[in-house]
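Colleague: Could you have a look at this structure, given as structure tokens, before my questions?
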Amino acid sequence: MQYLPIFLNIRGQQCLVVGGGTVAVRKVALLRQAGAEVKVIAPKLHEQLQEWADKGKITAQQASFSETEIKSCYLVIAATDDSSLNEQVYHLATAQGVLVNVADCPRFCDFILPSIVDRSPVIVAVSSGGASPVLARLLRARLETLIPQAYGRLGQFAARYRSRIKQRITGIRARRIFWEKVLQGSIAERIFAGQEEEAEGALEAALEGGFVPEQGEVYLVGAGPGDPDLLTFRALRLMQQADVVFHDRLVSPEVLALVRREAERIYVGKKRSWHAVRQEEINMMLVRSAREGKRVLRLKGGDPFIFGRGGEEIATLAAENIPFQVVPGITAASGCASYAGIPLTHRDHAHACIFVTGQLKEGRLSLNWQALVQPQQTIVVYMGLSGLEILCQELIAHGMPAVTPAALVQQGTTSRQRVLTGTLATLPDIVQGEDIHAPTLVIIGGVVALYPQLAWFKVPDREPLDAR
């Protein structure tokens, strides 16, 4: 180990930055974040440095560096493009016993500045010892995706209770186990969900009882349209800590594969005219699993609040006093349209966009047709495959031109994506002649005409299908 990883408290300490360019701006910003009193000296100052100086946030002097500037400084950073000046700063600082760092020159550094993941008060520092700053930045980027932003709030919460827990639980091992349950369980999830009062109440009860009870919770998570790269960080974190997952048929196999391997998987999907499990029973299955102390993942394709019946599920959970949180997902309209190269709004084609469901009821579609046939508007139809012919006929009958461009997207954003395009008059026959597999999405409006120019996503071994 070439360097000892340590954290310095420089709050209120005088720190000097020699240099006035973009590198100096980055160093000054970092020192300011840590609460240092920063002085900058350079013949010419970057406009950002000058702005900070004008606002009294730093002290800046437009002058050449002199040895006297180092006196009374806690640390010095040389960030000029003059290597001989940087070396001079290094030798003068070390001679006076002042910590010094020369930017991008490890051999003239008493300390190095790592790549930082900031979740204050939790700080993660990553360093390659100056060997490869790019590698350190790449590692930091990976860590940024793994550590929730709310860890800062969790750290502050833990700090408030540290002394009390130490007094209440005197055994080191017992205290460690207690903290592990707090920081990895439902109390931490309350913090992540912004429910600090509930977290405090649960921790107070745990302190009173001397143990952290196992409390179940439901995660209602949007799985997006299919491509696992479109999952949110929060969704992925909850997927990987669930004990049981209830999923529907709209969740792609690629997304389902990212759920914690040990989690029990229960299929509760629905197909047209066939329901595996009634919605009311799904609601109560979530309740029962949570009451067993399980972390319950309810994984839904797209977004749980857009034609996903998520509102019904959390209404039941709320009525049964089951803790829950909702994680939005990229809805199929947005995801499929983007991957098909069909913008839902466009200055020249559509100033509005409307989402509707195309499910048939007793062979009919109950929609507000007058609202749908407005000009310069895009219509996105979820679950519209079975009623596509009726949909197109009704739109034409209510005044929409038969030549209006229309598209059907099959299994959008995945390697099984297909795009069929036509018009209101021709699309039903085009689709009828193809082997189409759900889930599908129908897009209607002038924006569909842009598809041939804007289609960018290429399915492996198959070009997007334009069956006009």
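Using the three backbone atoms N, Cα and C, a Cβ is placed for every residue, glycine included.
If you look up Swiss-Prot, you'll see 1-203 marked as region 'Precorrin-2 dehydrogenase /sirohydrochlorin ferrochelatase'. What Swiss-Prot records for THR22, VAL23, PRO43, LYS44 is NAD(+) binding site, and it gives sequence analysis as the kind of evidence. Sequence annotations record features per position, and here Swiss-Prot assigns phosphoserine to SER128 based on sequence analysis. As annotated by Swiss-Prot, region 'Uroporphyrinogen-III C-methyltransferase' applies to 216-468, with the evidence given as sequence analysis. The S-adenosyl-L-methionine binding site annotation in Swiss-Prot covers PRO225, GLY301, GLY302, ASP303, ILE306, THR331, ALA332, MET383, GLY412. Under the heading active site, proton acceptor, Swiss-Prot lists ASP248. If you look up Swiss-Prot, you'll see LYS270 marked as active site, proton donor, on the strength of sequence analysis.
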Colleague: Specify the secondary structure state of GLY302 (S-adenosyl-L-methionine binding site) as given by DSSP, simplified to three classes.
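Modeller: SS state of GLY302 (S-adenosyl-L-methionine binding site) = strand.
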Colleague: Please list, in sequence order, every residue of the chain apart from THR22, VAL23, PRO43, LYS44 whose Cβ lies within 8 Å of the Cβ centroid of the NAD(+) site.
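Modeller: For the NAD(+) site, the extra neighbours are GLY19, GLY20, GLY21, ALA24, ALA42, LEU45, HIS46, LEU49, ALA79, THR80, ASP81.
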Colleague: Looking only at THR22, VAL23, PRO43, LYS44, the residues listed as binding NAD(+), what is the longest Cα to Cα distance in Å?
Modeller: 15
Colleague: Looking only at PRO225, GLY301, GLY302, ASP303, ILE306, THR331, ALA332, MET383, GLY412, the residues listed as binding S-adenosyl-L-methionine, what is the longest Cα to Cα distance in Å?
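Modeller: In whole numbers, the farthest two Cα atoms are 17 Å apart.
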Colleague: Taking the Cβ of VAL23 (NAD(+) binding site) as the centre, how many other Cβ atoms fall within a 10 Å radius?
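Modeller: Its Cβ shell of radius 10 Å holds 18 other Cβ atoms.
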Colleague: Would you identify which of the binding-site residues ILE306, ALA332 has the most other C-beta atoms lying within 10 angstroms of its C-beta?
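Modeller: Within the set of binding-site residues, the most crowded position is ALA332.
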Colleague: So among THR22, PRO43, LYS44, ASP248, all listed as recorded positions, which is physically nearest to GLY412 (S-adenosyl-L-methionine binding site)? Use the C-alpha atoms.
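Modeller: So, spelling it out, the nearest of the recorded positions is ASP248.
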Colleague: For GLY412 (S-adenosyl-L-methionine binding site), what is the tally of other C-beta atoms lying within 10 angstroms of its C-beta?
Modeller: 25
Colleague: Taking only the recorded positions SER128, PRO225, GLY302, which one has a CA atom nearest to the CA atom of THR22 (NAD(+) binding site)?
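Modeller: Answer for the nearest of the recorded positions: SER128.
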